[in-house]
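Undergrad: Starting off with a structure, shown below.
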Amino acid sequence: MTIRSPEPEVKIVVEKDPVKTSFEKWAKPGHFSRTLAKGPSTTTWIWNLHADAHDFDSHTNDLEEISRKVFSAHFGQLAIIFIWLSGMYFHGARFSNYEAWLSDPTHIKPSAQVVWPIVGQEILNGDVGGGFQGIQITSGFFQLWRASGITSELQLYSTAIGGLVFAALMLFAGWFHYHKAAPKLAWFQDVESMLNHHLAGLLGLGSLSWAGHQVHVSLPINQLLDAGVDPKEIPLPHEFILNRDLLAELYPSFAKGLTPFFTLNWSEYSDFLTFRGGLNPVTGGLWLTDTAHHHLAIAVLFLVAGHMYRTNWGIGHSFKEILEAHKGPFTGEGHKGLYEILTTSWHAQLALNLAMLGSLTIIVAHHMYAMPPYPYLATDYGTQLSLFTHHMWIGGFLIVGAAAHAAIFMVRDYDPTTQYNNLLDRVLRHRDAIISHLNWVCIFLGFHSFGLYIHNDTMSALGRPQDMFSDTAIQLQPVFAQWIQNTHALAPNFTAPNALASTSLTWGGGDVIAVGSKVALLPIPLGTADFLVHHIHAFTIHVTVLILLKGVLFARSSRLIPDKANLGFRFPCDGPGRGGTCQVSAWDHVFLGLFWMYNSISVVIFHFSWKMQSDVWGTISEQGVVTHITGGNFAQSAITINGWLRDFLWAQASQVIQSYGSSLSAYGLLFLGAHFVWAFSLMFLFSGRGYWQELIESIVWAHNKLKVAPAIQPRALSITQGRAVGVAHYLLGGIATTWAFFLARIIAVG
């Protein structure tokens, strides 16, 4: 850290009125490209228009202009998010049974969508309890609203209006910061200021304001709700905020005001800032006093972090200095040159952010069931399954996106002349060793993980159960995972003496939390079946990484195509006369990576769904006997491929297949329709472009005969376009099929 004299002059970091506001461009599709602006001569035009409309790099080379467009587009994105969020709250206010659910969350199911009768589809309005007919929702909004302290549909309505106001504000900001006061490039590149503001402002003050809301509004309201007070009798949020005596009745330390804070007797506040661990036995969620404490602690951390970087005051860290000092004995120039990359290539910046956010999203998926954060979330099995599946899918897509933008960076923004012997250069120079080793790992994992299943299927088919890998024959116990579980389960008495319970009930310890005779959470046993499927996870993840990493490391050149960088991010083949060079572009690696990402996530969500139904979810009798939904069949059935097909896919598909004529029938139709969408994708993936061009020309001939030929000449999709349409339908069909299968099943039995 260095101290230097502050710079006296104030920098002007915006440009006034750079681009005049005009609707003329809206009337000219493709205005950003000379070729596209001419209008369509063939049907390829509409595909190119969609491919390039948001590729700001292709509109201009001016980094400042690109940065402004991205910045402005982000405000548009935020506006859409606020409108969507507002819609969710509006549905809660106008079409939901939220108030009824709030009064009896264990027997009434959440619903916020009522279908209008047009052709008989009002059959979808099932009886969710409390005299309400509607579609059961599994988004978790009701649980989130209760945790926030929302007690009436009027409050939801007000929040929905607030969301629209914010959306309008964002749309205005997007226009203002592009047309009226656009930031200069230097502003986008001022990383120290950006870090300070994002860390202290967004994360620090954001967490602090949420902690404040939790303490002053959520905690008292939830305390009263847990005690069984009628929501209509509970004081309104502003009464708690303005009247300290009301809060002091529930949390005595409030009567002392800020004195304990300034006299450093912070433990006085332990009545509302707790460190209990475990779950609230009334709601089956984390103690909200624990989460308030957590957000306050996070706020302090980020407020400190937001004061670490050197800006106008000449004190603090410089990011460039940190990176350039970061070198070890074996890493050459270390991180030298990365600062220049991250301040001039938004693709590089985005790739890192997507990789981290994707990983974080997957971590969130796992925490949502292991440490259910909201009241009555853990016993709403449909919502638990939906939240896990949703966050896993999102995480998978973000990680593939990280590889895509890393490859775009390599092709468009990487300058080999400025990167010498730093870590990026060194990784690129031994890429052959990396990829060949990774390939070996994939082969090893694939043969061994699959081989264990094949062995079990064979022994099972031959009637030799004693020779199978199972918990009752040849055991392959996940000893490392069990060791980690045990250390965490024992922590409260040993390594974490102040904690009253372990971080998650899933670690072990024998406690069962049941809410309304349903299991919220209990210790999750791991055995041979988990060991087998874990290695399938390892296999699919490593193959996904192999494909994506190969795409990035060979994006600029390879032995096959040394001048690949000149061909761009996506290209079908290396020109005529060079056979065997198709499907090698960085784009094609992203395309292939998406399929393996789909494989990976499918195995994970299947594992989760079956494991939870078999070993966690279920009912508990007054004698304390737990009856699981599928009766603990995971350990015995998930050790063969046949078991997965017969006892998971087929057995649990009965609800979606037999849903016709019931309120779940929409899932039956989706299941069928999504299979069709998936099958439709194969038509694009398995067929060549020439086949379609030939067919089109024959059809055009017939139109010419009848003098009804179109002015815009029809053309077959290019190879790349066909693959894009194919993978989109493959993923859409696959995801919607899984969605229908999961929800019909879990709503029927959960």
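Keep in mind that glycine also has a Cβ here, set from the backbone N, Cα and C atoms.
What Swiss-Prot records for this protein is below:
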type     : residues   : note
BINDING  : C573, C582 : [4Fe-4S] cluster binding site
BINDING  : H675       : chlorophyll a' binding site
BINDING  : M683, Y691 : chlorophyll a binding site
BINDING  : W692       : phylloquinone binding site
TRANSMEM : 70-93      : transmembrane segment
TRANSMEM : 156-179    : transmembrane segment
TRANSMEM : 195-219    : transmembrane segment
TRANSMEM : 291-309    : transmembrane segment
TRANSMEM : 346-369    : transmembrane segment
TRANSMEM : 385-411    : transmembrane segment
TRANSMEM : 433-455    : transmembrane segment
TRANSMEM : 531-549    : transmembrane segment
TRANSMEM : 589-610    : transmembrane segment
TRANSMEM : 664-686    : transmembrane segment
TRANSMEM : 724-744    : transmembrane segment
Undergrad: Same-chain residues six or more away whose CB lies under 8 A from the CB of W692 (phylloquinone binding site)?
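TA: Non-local contacts for W692 (phylloquinone binding site): A716, L717.
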Undergrad: With an 8 Å cut-off on Cβ pairs and a sequence gap of 6 or more, do the transmembrane segment (346-369) and the transmembrane segment (291-309) reach 3 or more such pairs?
TA: no
Undergrad: Cβ under 8 Å to the transmembrane segment (195-219), counting only same-chain residues 6 or more beyond its ends: which ones?
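TA: Here the qualifying positions are 147-149, 237, 240-241, 247, 250-251, 272-273, 288-289, 291-292, 295-296, 298-299, 301-303, 305-309, 311, 319.
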Undergrad: Sorted by position, what residues of the same chain at least six away from C582 ([4Fe-4S] cluster binding site) have a C-beta under 8 A from it?
TA: P572, C573, I719
Undergrad: Write down the Cα-Cα distance for H675 (chlorophyll a' binding site) and Y691 (chlorophyll a binding site), rounded and given in Å.
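TA: One finds 25 Å between the Cα atoms of these residues.
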Undergrad: So what's near the transmembrane segment (291-309) in sequence-distant terms, Cβ-Cβ under 8 Å and 6+ beyond its ends?
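TA: Distant Cβ neighbours of the transmembrane segment (291-309) are 191-193, 195-201, 203-208, 210-211, 214-215, 218-219, 272-275, 316-319, 373.
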Undergrad: May I ask which residues of the same chain, at least 6 positions away in sequence, place their Cβ under 8 angstroms from the Cβ of M683 (chlorophyll a binding site)?
TA: G726
Undergrad: Select the range from 156-179, 433-455, 531-549 that forms the most Cβ-Cβ pairs under 8 Å with the transmembrane segment (589-610).
TA: 531-549
Undergrad: Near the transmembrane segment (433-455), which residues from the same chain, at least 6 beyond its ends, have a CB less than 8 A from one of its CBs?
TA: 427, 468-469, 476, 532, 535-536, 538-539, 542-543, 545-546, 549-550, 553-554, 639-641
Undergrad: Helix, strand or coil by DSSP: which one applies to M683 (chlorophyll a binding site)?
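TA: For M683 (chlorophyll a binding site) - judged by DSSP and reduced to three states - the answer is helix.
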Undergrad: Please list, in sequence order, the residues in the chain of H675 (chlorophyll a' binding site) that are at least six apart in sequence and whose C-beta is under 8 Å away from its C-beta.
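TA: The list for H675 (chlorophyll a' binding site) reads G733, T737, given in order along the sequence.
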Undergrad: Which three-state DSSP class does C573 ([4Fe-4S] cluster binding site) fall into?
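TA: Where C573 ([4Fe-4S] cluster binding site) sits, the three-state DSSP reduction gives coil.
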